[in-house]
């Protein structure tokens, strides 16, 4: 996270200012920020979890209102992203029956969605410097509209999964821009990052209630008409709030200082992102994390039906998992602050392993349903915590591109893990899912331990 602070720039042309929950330095009237790049080498550790003072908000009432509306529009954007992802799990059994396909072919939905996210993350690094924040955001929204138009007609399966490629690209572009915008905020950025990802979780929560109903109707694909209507409102909100403007202009309208860009920055955004190993470390964590969370949300309904003897109403379990994610991202904020974000991830992942063992070893439909929903609570905070970590350890001038790559490349896990689950299920049955999840969650702990915890400092 970077801000244009004159006093700091007088000391260094490449000052980076990072939000930090546990370290506070008063800048320009009390901004709750840590200056990285001119900070003392003996600055307090990131993980102390000590209280911070509220920053003094010097914005005008109009700027505050604009900032709230901008943030609200981006929350709706991520809500729609969560809606898109949360719809899939409840629809899978119906899609399998309609197209009469085995698990491994059904799993291609996740692979094609991943391909779209990957393409979007790469495209984001090329078009953001050329089109800017507002145009890139709207371009992503337009792609999402196209995808839902295709899928709502229930076309042949190859065309249907093509819709996931297009929607994946659109969501990836919007996700990168929204996260980059929130990461660039000066006021309450840590809390807002948690809130915006809770909005994603809210989309995950409400989608299964609707998609489960459509999955039991003759015109099941009309679910995507609902998605189309929501996407139209998203496009309208983005247009009226950002109007094709650059990131700096949008930040200025909300009373936020623009992002500092070092004069020493050389090379294209793509090359800078590819050469930064810290970005790939965070992306590796997201790969494994999304592998766990999407495997749970994508396959839990089918698992409960096939292994535990559940009925069509099992689709609501996806909503329970999503509800857990929402609760975790907001309700565990105090835990993150108390013990430190890095330790919190270790704790949550360990608890998830214990809950996954229960799902594996206890043959109870209700018990499995409740346990997996509780696991959602502890899975929820990990994604925003990883993004917060990225804002601390990465240079601000590549943050939007970096987050786009982390989110897009991380989607590899959201495709690979569910696909492997489907492939294994085709051979030995879906009872393989819980032990597979246990192994992935253990791997997630290992990868998190390898991510650096020292803030970025200019050379």
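Each residue, glycine too, has its Cβ placed from N, Cα and C.
Automated prediction, rather than curation, is the source of TrEMBL annotations.
TrEMBL tags one of the stretches 17-39, 40-62 as region 'Disordered', and that stretch is 40-62. Within the listed segments 253-272, 313-332, TrEMBL records transmembrane segment for the stretch 313-332.
In this chain, the transmembrane segment (194-214) lies out of contact with the transmembrane segment (398-420); the count of Cβ pairs under 8 Å, excluding pairs fewer than 6 apart in sequence, is fewer than 3. Just going by CB pairs under 8 A, the stretch in 101-120, 194-214, 281-307, 432-451 that sits most against the transmembrane segment (313-332) is 194-214. Each of 101-120, 220-242, 344-360, 366-386, 432-451 was scored by its Cβ pairs under 8 Å to the transmembrane segment (281-307), and the highest score goes to 432-451.
Among the stretches 101-120, 194-214, 220-242, 344-360, 366-386, the one making the largest number of Cβ pairs under 8 Å with the transmembrane segment (432-451) is 344-360. Within its own chain, the transmembrane segment (344-360) has Cβ neighbours under 8 Å at 292, 328, 332, 335-336, 367-368, 371-372, 374-375, 378-379, 381-382, 385-386, 434-435, 437-438, 441-442, 444-445, 448-449, counting only residues six or more beyond its boundaries.
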